[in-house]
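Some features that TrEMBL has for this protein:
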{"type": "DOMAIN", "residues": "146-202", "note": "domain 'CTLH'"}
{"type": "DOMAIN", "residues": "324-367", "note": "domain 'RING-type'"}
{"type": "DOMAIN", "residues": "324-367", "note": "domain 'RING-Gid-type'"}
{"type": "ZN_FING", "residues": "324-367", "note": "zinc finger"}
Amino acid sequence: MELHSLKDSFDRVAKKRKVSYSKTHEVTDLIVQEISKAIKVMQSSTLEYQSELAELKKKLQEVSPLNQLEGAQKELNIALIKYPKALEKVFNPDISKAYRNIEFDSPIVNQIIASHFYRQGLFEVGNCFITEAQDAEAAVAMRSLFQELYQMLEAMKSRNLEPALKWAAANSNKLKENGSDLQLRIHHLQFVKILQKGSRDEALKYARTNFASFAGNHMAEIQKLMGCLLYSDRLHESPYAHLLSPTNWDTVTNELTRQFCNLLGQSYESPLSATIAAGIQGLPPLLKFMTVMVGKKHEWQSMNQLPVPVELDKEFQFHSVFVCPVTKEQSTDDNPPMLMSCGHVLCKQSINKMSKNGSKTFKCPYCPTDIDSTQCRQLIF
């Protein structure tokens, strides 16, 4: 990957700078030492200073600071000259040539940006943005969605689980439908918190009140928590010391955020962050393509699909994409994937073309099966 070569270039610059820095300090220390010696001799001597200064000049010439520094500084300068060129090669300063004149739905874009601010807890920034965008109605809806979440998260930072417990209790049925054990995890943290205070009786009472409904599916975890009662006064030295780790709070915080967004029909990751990250990955091949096709920009503007394959990481693959093996084109709503009787899949237009619009059978491109187009059915990914 190109960024690896850029990192190597940066590492070379850093290494050369370190060598130059060390050499400069070494030579400077030698010069200071010789000058200090000369000053001491002159202070203790009744002779004229000319002879001592001549001796100092001779010793400094022997140290030869310029010659010692020249080599290291020259190598550093060469590395510094090459690095900006490497930067410019990887980070193309002009990305406008990969831009297409597409009309955006401004209210949707504004909502995505404001939503990103609210997700980060930057409510004042989000309010300011949405006010300037003159879309106050959307601001009220999005702000109210995430304010409750951040009230719970802020409370958890101070080890207050009450808001999270109330929310989990109110949404317990939905959490169960999603297969989440978030409610038990929050009770888990509260139980350990009570036990840390040394109140074994209070912790046992809390367990009896809140763990019973989870016994059917989480007995092993509950039994482990009950074992903690034996070490209430020295839990940090017990076999259950890992339950005191702050990472347990981080894990529950992340799960709370994920489930909160899930119940709201929102993605866990910010759509704006995902879009920008995907764009960073997809931009280099598009820029290369436009460099080659610099004289044919009109063709790029009129295309309905990307002109070159753009490989994105799995984290950005939200929907299945089918490419017809006959036409090598992606399926669309007008040209959907069709499952044939043999089990292979082609796009509808390919099947229509090979069957003469359903007037005859044809052989599957992958196997010798005769296909009747009327028996093909549409696939929905």
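Any Cβ shown, glycine's included, is placed from N, Cα and C.
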Please list, for the zinc finger (324-367), how many residues fall into helix, strand and coil according to DSSP. 7 helix, 9 strand, 28 coil
Using DSSP, how many residues in the domain 'CTLH' (146-202) fall into helix, strand and coil? 45 helix, 0 strand, 12 coil
